[in-house]
Amino acid sequence: MNYRGIYRRRYVFVLLLLVAVVNISYGWTVLKNKDYKRRYLSPSGVEKVRKHLSRKYVASRNNTQTFKKHYFSNTWAVHIDPPDNDVADRIAKKHGFTNIGKIGNIEGHYHFKHEEIGERELEKARHKTALLNLEDEVKFAEQQKILERVKRDGIPNDPYFKDMWYLLNTGQASGPAGVDMNVVPVWKKNITGRGIVISVLDDGLDWTHPDLEANYDQTASIVLNDNDNDPMPRDSDADNCHGTRCAGEAAAIANNGICGTGVAYNAKIGGVRMLDGQATDALEASALGFRGDHIDIYINCWGPKDDGKTFGKPGPMAAKALRLGAEQGRNRLGSIFVWATGNGGLTDDDCNCDGYTTSIFTISIGCIGDHGLSAYYTEKCSSTLAVTFNGASHKEGRENKMVTTDLYHQCTEEFKGTSASAPLAAGIIALTLEANPLLTWRDVQALIVHTAQITSPVDEGWKRNGAGFHFNHKFGFGRLDANAMVNAAQSWKNLPAQRKCTAASGFDHQDIPRGDSLFINIPTVACESSSAQIAKVEHVVLTVSFVHRRRGDVSIDLISPKDTKSQMLSPRKYDDSDEGLDEWSFMTVYNWGENPKGIWRLKITDNPNQDDVMNLFNGDNTDDVESLEERVIDTQTKQNKAEWEKMRKENPYFDVPYPTGVRKDKVLGSTEINDNSFDTPHTETFKIIRNHIPEVNLQNNDNMNTLNFDPVTGRKKNSINKKIINSRKRNFLTFRNFLKKSKKVQVQQEETGTQRVQVNAGYENPRISCESGYTTCSGVLINYKLTFYGTGE
């Protein structure tokens with residue numbers, strides 16, 4: 001056989017094949033390069049690429065795009081009319097779906113799931129949506145977007161500690177004795193939450209925990225992520241402990257020698273597993289509307305990111321579920337939705353940017369530490385109703401421990417954030433509902449307003465509204481007092497039916513001056529001479545739309561006819577968005593009890609260079625009032641402990657009497673400030689000062705600046721400080737002019753130079769067109785609407 005000829009032919013064949021491949025590759029490269037040059041190297045192509053990259057970067061900085069890997073779920077919300085489960089099953093089967101069931105308590109709305117549609121099969125999903133919408137019985141079908149939701153316990157953990165100082169504070173923590181929730185007197189009345197059902201909407205509930213099992217309620221539990229009835233968390237992931245920890249604070253069993261004690265330790269507890277997976281509007285609506293005929297209180301310790309730049313609110317179905325829960329839940333008395341305000345204080349976040357906490361149907365709960373002072377990550381806003389305790393201190397560093405149940409049948413003292421505060425509030429509300437089961441959802445809120453106690457009394461943020469109620473944007477109406485709330489509930493008369501009055505609206509575009517304020521007077525008769533007339537307001541909702549060069553520079557204040565000021569939006573240094581807001585509803589509870597008739601004032605301010613303002617007026621040498629109070633409290637605590645130790649040596653049976661804490665026994669009248677206004681054993685220093693305070697009227701908050709003495713703190717105002725402040729203001733104005741010049745140069749460089757991968761907060765948005773025709777505005781107010789909720793005469 002001629003092997004040499006065979007090898008030669010094979011060699012020639014391989015050589016020809018390689019030549020062909022090289023030629024084809026070269027030709028393809030030429031065509032590709034020509035196409036590349038035609039598409040991308042032309043001036044218009046380069047500009048398109050630049051704008052595309054710029055948009056992507058701005059979107060990532062402003063958090064306006066959701067993570068795209070899981071943007072759509074494989075579930076649909078389908079509205080079928082007339083509502084019929086058999087029709088829903090037929091339509092679902094016809095198009096390859098599975099009918100999971102009704103969406104919460106919304107009539108005619110069904111949850112469909114398609115197992116064969118992947119997360120990136122958008123065309124196939126659109127085709128399925130179109131087919132569903134062609135059905136005669138289908139009013140609408142919508143594929144569900146996946147919403148990003150985060151748990152609110154992201155605070156560093158601490159070593160183990162067994163004493164629950166927030167339930168009975170005898171001085172075992174670093175703070176003073178008596179600063180607690182005053183829950184022991186309620187337990188002594190045999191009020192322990194019996195007959196009340198609480199459900200935790202979270203990442204699951206380890207109901208087999210020996211400190212929870214006897215109180216577990218299967219009817220109040222479900223798994224919405226997997227359509228199951230067992231809410232056991234996926235304990236392979238240690239982060240899925242959040243719901244179990246919330247449950248333990250509210251309803252852990254007492255007197256069983258295990259872990260700690262829940263506030264309402266005889267209440268029933270359930271869990272809705274909804275955070276262990278993809279969140280959608282339909283899923284949230286299902287959770288918020290789940291078994292409203294059986295569940296009394298829903299604990300919610302989740303929401304949009306606390307990053308200081310996000311605006312997030314319930315979707316249309318979740319918002320409707322909240323409303324229907326308030327209208328129809330608990331046999332039409334109204335479901336109680338307790339919500340944690342968030343932990344975004346370190347990023348200057350504002351809880352009014354969270355549409356869940358600003359809903360009139362939710363009870364927004366903030367947090368304080370063992371000294372009764374605000375936590376270092378506290379968010380301030382006008383929708384906060386009250387505060388309870390958690391392990392945080394006023395300054396970052398020292399932490400106290402919170403005892404609760406944990407995964408693997410363990411006990412932990414490492415629960416932090418407002419997630420540790422909201423379950424305590426839910427427990428107190430459970431005690432209140434046992435004392436009076438006929439309370440409506442509005443009655444519960446009103447009881448909080450009437451009975452919450454002043455905490456951190458020297459804080460200068462305490463004001464009094466036109467109806468005589470104290471409030472503070474850090475603390476709401478104050479710290480929840482279980483005993484005071486239960487006592488008031490036992491003789492409480494239900495509020496009259498709620499009324500809604502759309503008081504005023506404006507649709508004329510108005511400029512927001514650069515570095516200045518837009519003032520709008522809003523006269524209203526509060527729907528006088530109609531069935532919607534309101535004489536006592538409860539919730540005030542301000543809905544606004546505006547565009548602005550930098551949303552984080554905008555602050556919004558609303559002043560009532562009684563001169564009560566609510567900051568509806570505060571500046572946020574990390575919010576670089578230039579998109580403004582579209583029909584965003586801010587809410588305040590701080591006009592509670594006022595007659596809304598009169599002239600309301602709306603103030604919208606552009607606050608450029610807010611960081612420089614804070615540095616000038618709050619330098620390192622400036623002590624905040626709460627830090628000073630903390631040092632005074634610590635001194636008094638040490639003295640008290642020394643006296644107690646001495647008495648124990650003289651009398652071995654001596655025990656510390658139950659302390660009164662920082663409480664007010666009633667809502668003070670406008671001239672009732674006296675030595676007993678803030679009854680606390682460790683504030684003698686402040687009482688000495690108050691001995692010299694003349695009687696003052698707190699009703700007009702704007703006139704308080706003219707007094708020589710601050711009526712809330714009892715401290716003499718220092719005229720030297722005014723000189724210092726005026727000097728700092730002059731320095732600031734000079735510095736701001738310098739920044740304006742620097743900013744102008746920087747803008748010119750950005751416009752004429754190469755695009756940098758950086759978003760500067762000071763850049764002007766070329767899309768904003770000032771109504772005045774000049775370029776002196778920072779933004780434009782598009783419209784506003786003022787809505788009152790309350791009662792008539």
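Cβ from N, Cα, C; glycine included.
Values in this document were obtained by computation on a predicted structure and should not be read as measured data.
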- Query: According to the record in Swiss-Prot, which candidate from C301, C381, C411 pairs with C351 in a disulphide?
  - Reply: C381
- Message: Identify the disulfide partner of C411 as annotated in Swiss-Prot; candidates are C241, C246, C259, C527.
- Response: C259
- Message: Taking every protein chain in this structure into account, which of the disulfide-bonded residues C381, C411, C527 has the most other Cβ atoms within 10 Å of its Cβ?
- Response: C381
- Among N190, S419 [recorded positions], residue with fewest other Cβ within 10 Å: N190
- Item | H242 (active site, charge relay system) versus C259 (disulfide bond) - Cα distance in angstrom | 16
- Task: Consider the active-site residues D202, H242, S419 and say which one has the Cα lying nearest the Cα of C351 (disulfide bond).
- Result: S419
- Listed disulfide-bonded residues (C259, C351, C501), ranked by Cβ neighbours within 10 Å, top entry: C351
- Task: By CA-CA distance, flag whichever of D202, H242, S419 among the active-site residues is nearest to C381 (disulfide bond).
- Result: S419
- Note on the structure: Judged by other C-beta atoms within 10 Å of its C-beta, the most isolated of the active-site residues D202, H242 is H242
- Return the member of D202, H242, S419 nearest to N190 (N-linked glycosylation site) in space, with distance defined Cα to Cα and candidates limited to these active-site residues. S419
- The predicted model's mean pLDDT over the domain 'P/Homo B' (495-638) is 85
- Alpha-carbon distance [H242 (active site, charge relay system); S419 (active site, charge relay system)] in Å: 8
